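Participant: Quick paste of what TrEMBL says about this protein:
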type: COMPBIAS; residues: 434-444; note: compositional bias 'Basic and acidic residues'
type: DOMAIN; residues: 341-390; note: domain 'RING-type'
type: REGION; residues: 413-457; note: region 'Disordered'
type: REPEAT; residues: 44-76; note: repeat 'ANK'
type: REPEAT; residues: 77-109; note: repeat 'ANK'
type: REPEAT; residues: 111-136; note: repeat 'ANK'
type: REPEAT; residues: 149-181; note: repeat 'ANK'
């Protein structure tokens, strides 16, 4: 009984430190009792991992996971730490959880929503980008998974007017024709069952356009003379041409229509998408949503948040082990200048770009693919620019093993440098030793393009 109470007290302290972002206290508690990370939620709604994920403390989340915390643990609502991080848009926490092989397909017990639903509803496109890369092997099933009421992630992104999320989900083969089921939740229940993504986009334009619309509210502190002068100018000047405000909602609808959304789809209420726009007061969308509209719809390029190399570098981070900032391996050790990453200058290079061959550490490569927008290269959608040469990167590969391995002398080799391993090791030692560099450079063959001019005596 006493041990249980003591564990509960330490667990509450660990949960408070994880919530407040006190990494030193979390590290001290885990060093004294590493089993605290594997304990339950200590009678509260969330475990320390849930609290750290919800607040965006990715270093604390990494500490808990390194000490045995369950990456797929659920709280009282059936939500995992990944769902909490996606709900609040903490992409670094999502990145850490994915490296520790969390399950992206789990659903909560409230509305059967996945982490992708929560990221799409909040417009957190970086989190959605990471989730889609982690589920790249599942095909279209993950992106089109329906929650309660048949609502997909694309429905939620369209309802809340998140243009970047809608663009990314469509490019990841989200189903534009997916229809909802009878649902009583507001505001989805008032839109009607059998609604497509275009119906939800028509209803979601209200909030965005209210933010973008211009409205004049009189300021009673101003003098009456200025108001009379303004009215006189309005009467004398000719009326201006009508202005069409380009709102995020209209851009969202244009993306859906340009990618093949059906403007003649009818839901169970007998409403077209244009009828939903009229019902919800979004009259500025009628010229786009009308089935008889002759308005030219522009062609949109692939989403800038597509990331082709993200799936490959995420797999490399899982296989070779992602070195986090909390690891003491590089806080106390010294990295050779020749092997240091050119971006962070702290960690050794262990991945290389597939085309240009530039080498980075796996952490910088993962951050690069998670944050940087992709190139618009014809035929190579989602390529990431290399930070060193700006060439397009479509995938990453593991660094060649012979670059970092020590020489393996076989019994048939005397170590004189006649075999491949000895010659490679000798070159590496010569490059690291200034005294041996002169003798080694003299033994190497000189290329004609780089041969120095002869010095005349």
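Every residue, even glycine, has its Cβ placed from backbone N, Cα and C.
Caution: TrEMBL annotation is automatic and unverified by curators.
So that I understand the layout, could you describe where these features sit and how close they are to other parts?
Facilitator: Below 8 angstroms of C-beta separation, residues 11-12, 14-15, 17-19, 21, 23, 26-27, 30, 34-38, 82, 84-85, 87-88, 90, 92-93, 95-97, 100-103, 106, 324-326 of the same chain, each at least six residues beyond the ends of the repeat 'ANK' (44-76), sit close to that stretch.
Over the repeat 'ANK' (77-109), the average per-residue pLDDT in this prediction is 96.
Non-local neighbours of the repeat 'ANK' (149-181) in the same chain are 111, 114, 116-117, 119-125, 128-129, 132, 140, 143, 187-188, 191, 193-198, 200-201, 203-205, 207-208, 248-249, 251-252, 255-256, 259-262, 265, 267, 300, 302-306, 381; each lies 6+ residues outside the stretch with a CB under 8 Å from one of its CB atoms.
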Participant: I'd like the per-state residue tally for the repeat 'ANK' (111-136) from DSSP, helix first, then strand, then coil.
Facilitator: 19 helix, 0 strand, 7 coil
Participant: Using a Cβ cut-off of under 8 Å, list the residues of the same chain at least 6 residues beyond the repeat 'ANK' (111-136) that approach it.
Facilitator: 80, 82-83, 85-91, 94-95, 98, 104-105, 142-143, 145, 147-149, 151-154, 156-157, 159-160, 162, 164-165, 168-169, 172, 185, 305, 307, 310-311, 314, 369-371
